[in-house]
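*Asks:* Here it is, the structure in full.
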Amino acid sequence: MYIQNLELTSYRNYERAELQFENKVNVIIGENAQGKTNLMEAIYVLSMAKSHRTSNDKELIRWDEDYAKIEGRVMKRNGDIPMQLVISKKGKKGKVNHIEQQKLSQYVGALNTIMFAPEDLNLVKGSPQVRRRFLDMEIGQVSAVYLYDLSLYQKILSQRNHFLKQLQSRKQTDRTMLDVLTDQLIEAAAKVVAKRLQFTAQLEKWAQPIHSGISRGLEELTLKYHTALDVSDPKDLSKIGNSYQESFSKLKEKEIERGVTLFGPHRDDVLFYVNGRDVQTYGSQGQQRTTALSLKLAEIDLIHEEIGEYPILLLDDVLSELDDYRQSHLLHTIQGRVQTFVTTTSVDGIDHDTLHQAGMFRVENGTLVK
């Protein structure tokens, strides 16, 4: 798939912008704070209906405007799909093929993107929350069912935590409702964990040969979804549910004492190992960057495997963060397969072959010129 055109209205520092993308590779050049990252973010928001930079949608709306609008035409094997996302202070509304989607979970998936920005290099050494968000965003692109299950889990988790607080402060003494909420939470949690386990195994399958190639065959990358559950069969929801039930029974008194849910997918993590050693703890900066790069490149093949189309790759000021060898490996891997957008302050660091086939855009103070 690829984006044929993009229109922005009142989006961040863009009053209005219209762009045509005819090339597989599109390079956006400009000084810092001119709007390069805002453009990349707009493509990502059109795809995911949320920003990778902020959870406050109001920041996406241009100063003194009531709404922002992003429109794009996505070309796929079976035809073109117009997309539109309107962001207002009341919320977001998305259209696919001119049809308004009732839920944003139904909107997500029409356009698949992979964002690789400097902060993604923290995927390995950052907090578990960063890695959980990575899993949720990437699985959500290829599974609307997962987004529904995750949303349901988060809703029940919030209700359960509220009830635990009431039990803790003795505003409630009847525990019957806690058991009901626990059963509901377990059902949603089992589905979330099963999908995360499946995704982690798929990601490892695609990331291993990429990591081996970058490390010249000297390193083997393995991934482990870290949960306190005893998961012998990740596809058996009843076994996962039983394991949760057992754990919640043991933790009930402690949870009431603390007033919070102590167990579940919201506490899980993904661990990365190179040659059997935890990369986060023992890996060099180079190994951590190679791991992050391998995971991002693996997503390309994973999404292609799931939906039969290659996603769009957004490289936001990340090439300058990679050494020449990793940069060359990245560009060689995607060449000819994936529509790619690259932001940079200078083309000096981009190889000649990539520039030769690229469409070039210059951005200055929210204005784009091809």
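Placement of Cβ uses the backbone N, Cα and C atoms for every residue, glycine included.
Since this is a predicted model, take the numbers as computed values, not measurements.
Sharing the record's features from Swiss-Prot:
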- G30, E31, N32, A33, Q34, G35, K36, T37: ATP binding site (BINDING)
*Asks:* Centre the Cβ atoms of G30, E31, N32, A33, Q34, G35, K36, T37, go out 8 Å, and tell me which other residues of that chain have a Cβ in range of the ATP site.
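*Replies:* Filtered neighbour residues, in order: N38, T343, T345, V363.
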*Asks:* Only counting partners 6 or more residues apart, tell me which same-chain residues put their Cβ under 8 Å from the Cβ of N32 (ATP binding site).
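*Replies:* Result: T345.
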*Asks:* Name, in the order they occur in the sequence, the residues of the same chain whose CB lies under 8 A from the CB of Q34 (ATP binding site) and which sit 6 or more residues away.
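*Replies:* In sequence order, V363, E364, N365, G366 meet the Cβ cut-off.
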*Asks:* Applying a 10 Å Cβ distance cut-off over all chains shown, what neighbour count does T37 (ATP binding site) have?
*Replies:* 20
*Asks:* What same-chain residues, at least 6 away in sequence, bring their CB to under 8 Å of the CB of G35 (ATP binding site)?
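*Replies:* The list for G35 (ATP binding site) reads R12, N13, Y14, V363, E364, N365, G366, T367, L368, given in order along the sequence.
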